[in-house]
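This report concerns only the one structure given below.
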Amino acid sequence: MFRRERPIPLRGSAAPLCNNLSVLQVPSRNLTHFGVVHGPSAQLLSAAPEGVPLAQRQLHAKEGAGVSPPLITQVHWCVLPFRVLLVLTSHRGIQMYESDGSVMVYWHALDSGDASPVQAVFARGIASSGRFICVGTWSGRVLVFDIPVKGPNIVLSEELAGHQTSVTDIATEPAQGQDCMADVVTADNSGLLCVWRSGPKFKLVTQIPGFGVPCPSVQLWHGTVAAGYGDGQVRLYEAGTGTLHVQISAHARAICALDLAPEVGKLLSAAEDTFVHIWKLSRSPESGCTEVEHCHGECVPDTQVCGARFCDPSGSSFAVTGYDLAEILRFSSV
């Protein structure tokens, strides 16, 4: 069971974008950072465990060429082995900051040369793997940035060409030694999933075909891909082979966010039907297949949910954002 905690006030509503919430826990300082996008700005908030907001910062998209301020599409903290960077994507480019948003260390402008005049140009989908940060784009290409231990000498090391439509989300998990077949998964607007093995040169392991609906959110856990789709389904695949293990009719409307609590194998799904569900993933000792158990369902009435994240690795608390809702809702287990 989960109970509703004190919400964290926002300066304005979250934008109606999928995956519109990022959470970074800082155990050493007993703080949790939250990031939410609205229009041309992103709000960063720090809160104590009881939900008292301690600090707020607003970041704006770099203008670049153009007359109107660019819209931000996503904000996400990337936890690398040696540093934490805050990555912000927009219709103009990709901005990387120190974790508190105080200093911008890198700017990458999007090249719209191969886009048609009526095609929207944007970056979306952010994740880190080892020393790399991967960012998806409107064209379907995934940009791979090589991050130094410190300083601003970030390099675009590779562009991955596995998708024909806009990238929607990217997920990673730490590589489990040399036998790890796959540690990065990318999703797109057609529902196609590409599974990669990271390294100095990324290798495409397999492609999992879509079935006519977008895949707005994806996660990776112990070699299992969890994908949430526009028809409300959650599907679990074997990352190395693309084999479908489980298909769940989880929601009545499009899924807008998935998240994982890696320590316990809990999967969170949130959708436009106002529900947030928590599922327990496990591996069958006999067959080796992934099994799923429903743990909790929470209704957020009269709210267009657009972001949801666990607030700790054990999955004992989670947060939710919604369009036209000027606060971050918090829930914790009892």
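The chain as shown is numbered from 1 upward.
The backbone N, Cα and C atoms fix where each Cβ goes, glycine too.
All annotation found in TrEMBL is predicted automatically rather than curated by experts.
Per TrEMBL, domain 'WD repeat-containing protein 54 beta-propeller' is recorded for 1-334.
Per TrEMBL, repeat 'WD' is recorded for 248-282. When pLDDT values are averaged over the repeat 'WD' (248-282), the model yields 96.
Note on the repeat 'WD' (248-282): residues 18-21, 173, 214, 216-222, 224, 226-236, 290-310, 312-315, 318, 320 of its chain, located 6 or more positions outside it, place their CB under 8 angstroms from a CB of the stretch. Per DSSP, the repeat 'WD' (248-282) is made up of 0 helix, 23 strand, 12 coil.
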